[in-house]
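Q: Next up is a structure, given as structure tokens.
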Amino acid sequence: MWSSVGLSVINVVWSSLALCFLVAFCAHKVSRLLPGIFDTCPAYVLFQDLIRYGKTKQSLKRDEWLRVFDVPKRWFWHFYAVSVGWNGLLLVLYLSFIFQHQSYPLWLSDFLDILTGAHSSDSQVPQLSTVLVQLLLWVHSLRRLLECLFVSVYSDGAMHLVQYMFGLGYYIMLGLTILCCDRMEKERSSLLSQLDWLLVAGFLLFIWASWLQHQSMVLLARLRTGKSGTVETLTHRVPKGGWFELVSCPHYFAELLIYISLSFVFRGLSFTWWLVVLYVLFNQALAGQLCHDLYISKYKSYPRHRRAFIPFVL
């Protein structure tokens, strides 16, 4: 049986986010079928400004006042720095709960009560899946931080201030969500006895998806660097090699697989985390479709067999 099924605040948050990005994805697809009709509509331009970033924003015709809210896309590393610090703290607090039987700080415990609608219990059994998901999220954030700082080559691309603030809050909410899943978990067995094949499968999928994402980020960086590793150009080129032969954005596909792998680590039982996966699906689908549309419109020889971000599907 699924755990954490119910009308809790945390479930409402993630289902609402998933719905918002589904609507945004559908609205963008519809607007592509009606080219030119909405181009001068202020609401449409604002909508596009809020969903686009980086190279997909550069061709958007915007009023100067909208550019006031631009922040550099290279600030992406801020998201992962916050995640490393915040989710590292939550991991330490949970390990203290497991091994030293220390309760959460009162502010954290009260906030989890609000998000889940379930009160904490001193008799709550520690969950191996919670520890592993926290650890894997921290490793993922650290890897992405290092990639942003030492692998990716950024141009003068921008993102909206709203997107920046959302990104900062996203990883804070993600760490809290893991503890919410733990709070609503009904497992009562001992820590080691919780190890099963689905948890191991999730761990292995996480490793493979992380490798796929890293390989994709390296291939993207090489479009702008020479053999020596020095930056030669900041122009955009058609990505080639690896899973780029199947989709325009394999790094987005890998992101989705990473979140699915964490759901497997939860043994597929956390309804709340499946809502997170649903949000990531629609979020990455929108970002991938925007990139895919740009490649098709910019490069006449762009391979037509490539999908946006899910091989053979989307």
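Every residue, even glycine, has its Cβ placed from backbone N, Cα and C.
What TrEMBL shows for this protein is this:
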- 196-314: domain '3-oxo-5-alpha-steroid 4-dehydrogenase C-terminal' (DOMAIN)
- 6-27: transmembrane segment (TRANSMEM)
- 75-99: transmembrane segment (TRANSMEM)
- 161-179: transmembrane segment (TRANSMEM)
- 191-211: transmembrane segment (TRANSMEM)
- 256-282: transmembrane segment (TRANSMEM)
Q: Thinking of Cβ pairs under 8 Å, which stretch from 6-27, 161-179, 191-211, 256-282 has the most of them with the transmembrane segment (75-99)?
A: 161-179
Q: If we call contact 3 or more Cβ pairs under 8 Å (sequence gap 6 or more), are the transmembrane segment (191-211) and the transmembrane segment (6-27) touching?
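A: Checked: the transmembrane segment (191-211) vs the transmembrane segment (6-27), no contact.
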Q: Averaging the per-residue pLDDT over the domain '3-oxo-5-alpha-steroid 4-dehydrogenase C-terminal' (196-314), what integer do you get?
A: 93
